[in-house]
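Asker: Let me give you the structure first, and then I'll get to my questions.
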């Protein structure tokens, strides 16, 4: 297929140059590429081709460092204008950028000129284009963007070699034909001419990739589909523009000349790396315009300062009207404008200063925590920042610390206050020198003659006032001796009335005396001891005992001072040790003694240790370092408690004897000992009793036996001969008038206590039983029956004893009255027992009505007692003599 074009001469020249002058080298990734080219290159000449994908596959931006060369996406290198190479090599770089991955690669291209001589013999490696068969593929065609026509506009023609043998019909497909944008291109099927129907915007379509087809009438395709690339040539139809209409930058004031302020960026939609997108920047106007403080680099758009005199206090904001123009800034290039705002950052370049050169104020003496003066300052730096916030200092005149100055955060004023009382009698005025600086460091301190601190003078006048007594010094120390006796006087606290410069008329009182050691003389302030001073008291800290004293004048004004009594140590305490130690036989056979002396070190160790003679048989004591001793067994002792008398003497000979309890135990550590507690065991003494002690024990035992024997003899029971009461009844029938209602009984339930009388003796026996009231007992001897009847009313106990040696008697001697005295308590007891319930508990207190015989009550019924089943233990009445059976029948329920 032959290529037909509108300009066959120019196409032929390009093919010749391409075949003779161009050398294309496919190189390794991102390495140098060497190309040999003719010394004279025309515009739009293909120089060579590099492999871009091997260096960076996803390159979104391809540009050349030399504007004389243009790089296509496939790696082809074209010249943008006529170029003449000297004999030396010429090099440039191809930059590949990936915006998403933020990667950038560089390919170095080196061009070397060669002579225009045709080689005698062409080798395959020297051939720029190898052609084994005539191909029907044309070179890429191009169309001008925004072309004005006329339309349809011829693009190019394709022809197939098969047209010599067949009737060929041509067709195309792809974007612009049967894809968006539709119907932009079409082809004449008979001739193969391709036409464009309308103008094209390159910013939408940079190129079109079409496919051409050659087929016969019957559909046979003698050729493969032909790729057709139609490139849209860029037209400078887009003016550059700033991404932001207004851009804001900041820069510190007083910065050096050449300081970078910021970089402006403009965008041009035309084809990159061409004159259409070669932009130039410049400043059209500065507001305010005098003096000129800024400049811009025309190619990079970086704005820098031109002077070091940017002063925020004069102007804090500048505006720059910027212009960006393409075509390398040529007047015919397209341009646009934007606004840049530059704000100056504040620096501490202005020190604060007082509004007045000096100040005068006054304050009453003895006043504290009062504000006496406020001082204002002025600062031109930015308000409410560390560059303008003031810090005040008192430089001179405050040696005693009477004043303090601070900053009011709301007004930035200096507030002068009195924190310690001033004395008019000592000084009537105070002159202070006050300085002020900023919180931030002054920025011009090293390069400027401006002072960083402003100072002023403050005169403080002190006003006299009638003040109270002064306790000076606040703490007074006096010396005393440990063990100082009671009733002695010590020098006390003295206060002063500053108005009269003496302590006359002042009265003193105690405010604090923890252990009440002293009393104070209210007129002189001297102390008098109430107790012996003891340095070892818990109220003494570091050998000092504190007393608070208040001095009061005539009108009630007062001051308070502290009197410290320093006690010098006196050797009044002997060394002390623990009362009990433990020796573990499984670990060691000794115990370590560590005495403690409450006195000071000068009255303490070294100590001396002595054993009593009675303990030397089993024990031995060894001194170690004057502070401790070792108590050791002479031989293994039994597991028990032992008492060991030990004497300990301090360095001045004060000695104390201690009875040390030593616990000898079968253990490894004292905490493992399981011997019973000391309070429940016997301590084995090591002291032998003397003869006088033994004699005293014997005499005491004899005396105790004598006392017990005497008490036994005195309290022995006497034997009283028993006798029988006379009885005049002599078994005669007694008229009891049973047919009548009987005698009136005023108390049915006769309760204890009851009185008894002994028939044989006129003496009465009354005993007391604990918790049961009075116990009464009656005894009757019945000669004939041979029994004695005892009635024990307090505890309810009844006994019947045989009377030994009594076998005779006259039964008629018993009188009726005596038997009545016997039966009346017994009947009362029976009635009392009938008043109990089935569990033998006492019944509730209630009145029981008893009817007369024959008036509704059953025979033999006496009320609540008729239902009882037990015989109350009266079986002994069955063995009485006949004369007692009548009484027994009366007592026993049938």
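Cβ from N, Cα, C; glycine included.
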Asker: Under Swiss-Prot, which of the candidate ranges 692-714, 715-737, 738-760 is annotated transmembrane segment?
Answerer: 692-714
Asker: Looking at 116, 165, which residue has the N-linked glycosylation site feature per Swiss-Prot?
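Answerer: Per Swiss-Prot, N-linked glycosylation site applies to 165.
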Asker: Cα-Cα separation of residue 546 (N-linked glycosylation site) and residue 165 (N-linked glycosylation site), in Å?
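Answerer: So the Cα of residue 165 (N-linked glycosylation site) lies 135 Å away from that of residue 546 (N-linked glycosylation site).
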Asker: Please compare the glycosylation sites 165, 546 by how many other CB atoms fall within 10 Å of each one's CB, and tell me which has the fewest.
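Answerer: Candidates: the glycosylation sites 165, 546. Fewest Cβ atoms within 10 Å: 165.
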Asker: Can you check how the pLDDT averages out over the domain 'Cadherin 3' (355-471)?
Answerer: 87
Asker: For the domain 'Cadherin 2' (243-354), what does DSSP give as the number of helix, strand and coil residues?
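Answerer: Across the domain 'Cadherin 2' (243-354), the residues distribute as 6 helix, 50 strand, 56 coil.
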